[in-house]
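To keep things clear, I will list the structure first and then write my remarks on it.
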Amino acid sequence: ICSKSIIFEPDDAVKPILKVLSSYYLSPSLVAVFLGEKKVTFQLEVPGKTEDVISVFHWVFHLGDQTAMVAAILQSRLARTCFDKNSFQHVTENPHMECVAEMVSPLVTNAGHVCITDCNLYFQPMNSYPDLVVQIGLHSVRRIYKRRHGLRPLGLEVFCTENDLCSDIYLMFYSTKERDELYYYIATFLENHIAECTAESYMLQWQRGHISNYQYLLHLNNLADRSVNDLSQYPVFPWVISDYSSTQMDLLNPASFRDLRKPIGALNTERLERLLERYRDMPEPRFMYGSHYSSPGYVLFYLVRVAPEHMLCLQNGRFDQADRMFNSVGETWKNCLEGGTDFKELIPEFYGSDSSFLKNLLGLNLGRRQGGGRVENVELPSWASDPDDFLEKMRLALESQYVSEHLHEWIDLIFGYKQRGSEAVAAHNVFHPLTYEGGVDCDSIEDPDQKIAMLTQILEFGQTPRQLFVTHHPQRITPRFHNLSATPSLSSSELSPSSPSMESFEDLTEESKKMAWSNMNKLALQSLSKYFWGVTVYHGQVRMKSYFYSIAYGRRQDTLMGHDDAVSHICWRDDKLYTASWDSTVKIWKCVADDISSNKRTQFDLLAEFEHEAGVNTLDLSPAGTLLATGTKEGTLTLWDIANPLPLNQLTCHSGKIHQVAFSPDSRHVLSVGEDSCLVVTDVQTGMLLATVHAEQEQRCFCWDGNTVLSGGMSGDLSVWDLLSSKVIHKIPAHSGAVTCMWMNEQCSTIITGGVDKQIILWKPEY
């Protein structure tokens, strides 16, 4: 019996779980309930306590009527009152909008009036709690998030600090229109706010190691509407350790970790088979698990020692039975593996720094277990010496090599493409339909009692996070070199500068490149040349004649290229020539070298041809020479394996011609720029769009190191971009017209640009 509903779970796992929020009939030992047109009768077998159970049933079923009545009275009072403008901080403030809303806190919503001015955001609660008025200066707002509340798009959460757990206010509005109007008013006050808070930008930072696994999961929870103010959507974190019995934690042993490819309910094969048997025999809508991995009850199960008032509120003034409480980490994990209805994940506190939720510091009387012992502190695994040590090792596990390599698989289940649909079924990741956004339209329910009953069920049962990704989440880029402190000790001769290894030379080269890119905003003009001809492409009817100058041979080379239209782009690598054409093909040619001293023309043999659906405007070859990226006039980016003429990934990422594409130095990403004034980062492995940055003007060409971009635009300026923040960090005046081409040497120490002003400019970063 829950606070606002009744759940019956049969011992026979094949039979369905029943949740009751409907009419009833009571007798001394029978309870009859109606599920739609079907009547179900329960025989109570609680010796000596039947009347107590009956009274609770009676209270539960009348609560919906009381709640509806209270809500109606509250709405009436709100309609007759307005925000008291005497609460303004300054007499010169100009109000922008005012509406009614509720301030959300764990298990409680507090109704009142919202008012936003050109300086402040105000909330004035009807009952003057926690203050007569809550005031937030717009200049202090750091981030804002739209939220779902009860699976409806009505929430708004405001953060004035960088703390990703605790916000300054969480508001729930009565209409999406009012919520959105307030959101955009605040968003316009924050420079580049929306661009900084995308799942793709955080993914890019996480992939490249700029944020930790813990930080990334907090960001994803935030973006997926999870908030510590809403216990039905509390941030969800994974169990990552599976060994709670050993005396030492071994983070180098994969067996120490939970399989992150599977949801909790699928980790135990025998239990999963029983659940699947019930699932196959279940009428539509079917679901595999009768409970969720995150719900208010589960959150307070973990936090009862630090938030007993919330547990008492949820359970009508009582704690749970002593043996069902959070007594042991190991026992809880075992129950999650073997229990018929326990599929819960963890909360961020397990990877934080405050261990108080594991200790009974308040001296609460939480009851006695069957063995006679009192419920006190949580029992920890043998490998943890105390609660602080436990959290430290849990953090080490979360940031370990194994978890870093597999965390994307868990993200696919919780926030990604395996969250719903056929992929969820295949991954055994299907929960009750009411836990998903769009599972029910509460606004279409006209009966107030039924509407409140449905909302209550949604809030109590648990809610699946908002889906953030619809394709495979890319894997994290793990370091190539181990930390020196984690490796065996080296002799002084091995570390001597006089005998550097190949890795040392590679590190020096990488350091010089990093230094060059860190100074890209300090480009200094070295020389400027004026030329009086343009780059001309010659068209032929059947074959096209192309000329180029060979520095190696010291003379012009000419050859026949088999394209039916203009050659738009060429690339030379390892005696192979790659040509893109507006005839919708890319061709690879093998250079057949002749005698340099002879006057014979160099020959090219056709090796491969790649067909497109539109004219190809640009191409790039990966650093290793195994992958090819092409961009067409219609905005399509295609990724190819050189050894296979079939595309690996193909997506329309621009709404017009793609001007240039280029691989990142590690070949994991492709950046493209186009006529739509966008810079788009694409993951090579999955073909997923990681980031889309909107520029003020069309960018024609660029160079990049995977994080920083140097681009040339239509105005003639060079722009230095930080992709992680989606911002231009510096602009350099260059040409008097559009910058049309750009080249950078391998050491990133020299840049050459060309433009429609017929000038060639040589640049070097200043150190």
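Placement of Cβ uses the backbone N, Cα and C atoms for every residue, glycine included.
Where the annotation comes from TrEMBL, it is an automatic prediction and has not been curated.
According to TrEMBL, the domain 'BEACH-type PH' annotation covers 90-187.
For 191-476, the entry in TrEMBL reads domain 'BEACH'.
TrEMBL lists 484-503 with the feature compositional bias 'Low complexity'.
The region 'Disordered' feature in TrEMBL is assigned to 484-504.
In the repeat 'WD' (560-590), the DSSP tally of helix, strand and coil residues is 0 helix, 21 strand, 10 coil. According to TrEMBL, the repeat 'WD' annotation covers 560-590 (among others).
Residues or ranges marked as repeat 'WD' by TrEMBL: 609-650 (among others). Computed over the repeat 'WD' (609-650), the whole-number mean pLDDT of the model equals 91.
Residues or ranges marked as repeat 'WD' in TrEMBL: 651-692 (among others). Long-range contacts of the repeat 'WD' (651-692) within the same chain, counting only residues at least 6 positions beyond its ends with a Cβ under 8 Å from a Cβ of the stretch, are 198, 200-201, 203-204, 207, 469, 471-475, 477, 617-624, 627, 629-637, 639, 698-706, 709, 711, 721, 723, 726.
Counted with DSSP, the repeat 'WD' (732-767) comes out as 0 helix, 20 strand, 16 coil. Taken from TrEMBL, the feature repeat 'WD' covers 732-767 (among others).
Beyond its flanks by at least six residues, the repeat 'WD' (609-650) meets 565, 568-569, 571, 573-574, 578, 580-588, 656-663, 665-667, 670, 672, 674-676, 680, 682, 684, 686-687 of its own chain at Cβ-Cβ distances under 8 Å. Applying DSSP to the domain 'BEACH-type PH' (90-187) sorts its residues as follows: 15 helix, 51 strand, 32 coil.
Sequence-distant contacts of the repeat 'WD' (732-767), counting only residues of its own chain at least 6 positions beyond either end whose CB sits under 8 Å from a CB of the stretch, comprise 509, 512-513, 515-517, 519-532, 534, 700-703, 705, 710-720. In the repeat 'WD' (651-692), the DSSP tally of helix, strand and coil residues is 0 helix, 24 strand, 18 coil.
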